[in-house]
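Feature annotations, reproduced from Swiss-Prot:
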- 18-248: domain 'ABC transporter' (DOMAIN)
- 50, 51, 52, 53, 54, 55, 56, 57: ATP binding site (BINDING)
């Protein structure tokens with residue numbers, strides 16, 4: 001986090017595929033999407049991320065043509081498709097339930113869309129088998145859906161969508177029904193498939209780890225509005241507000257009060273009772289309240305024994321959780337605030353496995369912090 005780390009930027013040459021402008025949608029008089037503007041670029045994997053009820057699935061359904069907008073415009077390849085029926089858009093959707101036909105074979109499920117479009121019979125078999133090869137299911141063509149695992153069913157649903165050669169593939173929480181291990185595997189497979197196909201993917205999820213793993217770009221939503229739009233690294237390391245910071249991964253939020261500005265970048269502040277320098281890229285005044293945000297992995301801890309003195313925030317270990325590669329400790333500061341610290345496991349370090357109630361000093365690399373204005377005391 002913070003200013004010393006460079007962010008991976010999306011190539012500036014990406015061309016827009018979908019443009020949503022001034023989109024508004026209400027259900028039963030309640031506004032669920034409010035003046036939303038969003039551009040989706042050719043060939044990217046974009047994730048709409050947010051809690052239940054934030055409007056992300058509604059946006060997906062509006063793009064697909066499964067819902068109609070109350071106001072605003074939807075453009076696909078510079079063509080206005082706002083009022084074009086779903087079946088006439090070059091868009092396919094993979095739903096959470098997969099919606100496979102149980103009485104049809106895998107081959108027939110994938111071929112269904114082509115038959116509905118009256119595709120010449122000679123084209124159907126090669127196109128279906130090509131789609132099944134892409135998802136590594138060509139040997140399963142004659143099986144029925146009930147003879148497949150959850151992951152295989154999901155791949156059939158994707159093959160059925162891509163066989164139509166859509167410009168855009170929409171995926172609505174399509175991994176949420178899978179168990180943890182299979183979900184992790186499918187995250188990698190989906191991203192690899194998207195690269196291979198070159199089709200633009202728009203993926204909807206409430207799972208932030210899923211979004212960080214797969215996406216070229218993440219759009220974080222709340223209450224029908226976009227809170228932040230950026231690369232996974234930007235969203236994780238440079239959250240624009242407290243909602244995004246708290247929604248994406250674990251984060252520690254320290255209260256701070258400005259003492260004085262030292263230079264263009266640094267401010268002297270009181271952070272949870274300790275005076276230190278923090279990097280602040282906006283105007284502040286003495287006495288102003290701030291939030292200093294640090295991820296658990298960005299904190300450094302040192303045991304304090306009777307014979308040594310350490311600088312930093314002072315606290316005591318209250319919980320330890322061994323996570324294989326990391327040790328997560330909960331440290332209670334002297335003012336009662338709980339702080340999460342994550343350290344890479346080092347069995348050769350005699351001080352690594354901290355005892356409960358061990359006195360600790362917490363520090364961080366200057367400039368790794370993200371500083372936000374206190375939204376309640378602006």
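Even glycines carry a Cβ here, placed using N, Cα and C.
This view paints the features noted in Swiss-Prot onto the structure.
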residue	record	Cβ neighbours (10 Å)
50	ATP binding site	29
51	ATP binding site	13
52	ATP binding site	7
53	ATP binding site	14
54	ATP binding site	23
55	ATP binding site	23
56	ATP binding site	27
57	ATP binding site	21
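According to DSSP, residue 51 (ATP binding site) sits in a coil region rather than a helix or strand. Under the three-state DSSP scheme, residue 56 (ATP binding site) falls in the helix class.
Mean predicted confidence for the domain 'ABC transporter' (18-248): the pLDDT average there is 92.
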